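The domain 'Response regulatory' feature in TrEMBL is assigned to 7-122. The feature 4-aspartylphosphate is assigned by TrEMBL to Asp56.
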Amino acid sequence: MSNQVYQLLAVDDIPDNLFLLQTILEAEGFVVDVATNGTTALNKIKASPPDLVLLDVMMPGMTGYEVTQRIRQDRSLPPMPILLITAQDEANSMRGLALGANDFISKPIDVNELLSRIRAHLQPKRTEESDRVQSAVFS
C-alpha cells in the first residue's frame, strides 16, 4: 500500500479468531492490537486510537453494535473506520451501518476481501496524510 504503517485494532471474544486475524494482518505489514471484549476495546481506543477497527458483532456483554455506537458518540476520538465482522444476515449488518460502522465483512472471512476492504478504508487516510506532507513541503 505504502511505507505508512497502519495501526489496527481487532476485537473478538474468540482468541483463535484474533490469532488468525493478527497473523494475517501482520504478515501484510499492519501493526495489530487485539481486544477480547468491548470494554477493553474502548479503553484501548481511548488510550491510543487506531487507524481502523475490526469488530466482531456478536460478543458477550457489550456487542459490536454497542461498541460502534460508543465510538461514534465519543467526540474526543478522531474519525476512524469501523469494519464489523458478522455471521448475521444483511438486515443486521445494515443496523451496524446505521449506528456508524463504515462497512461489514461476512463470516467466514475471505482473506482477499478482508484485505481489500481494509485498504479501501485506509486509502482516504493515506491521501489526507500525503496532502498534508505536500502542503508542509511546498509552503
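Any Cβ shown, glycine's included, is placed from N, Cα and C.
Remember, TrEMBL labels are computer predictions, not curated facts.
Close to the residue listed as '4-aspartylphosphate' in the fold, though at least 6 residues off in sequence, lie Val11, Asp12, Asp13, Ile14, Asn17, Gly64, Leu84, Ile85, Thr86, each with a CB less than 8 Å from its CB. Taken residue by residue with DSSP, the residue listed as '4-aspartylphosphate' is part of a strand.
Taking the domain 'Response regulatory' (7-122) as a whole, pLDDT averages 96 in the prediction. Within the domain 'Response regulatory' (7-122), the DSSP-based counts of helix, strand and coil residues read 54 helix, 24 strand, 38 coil.
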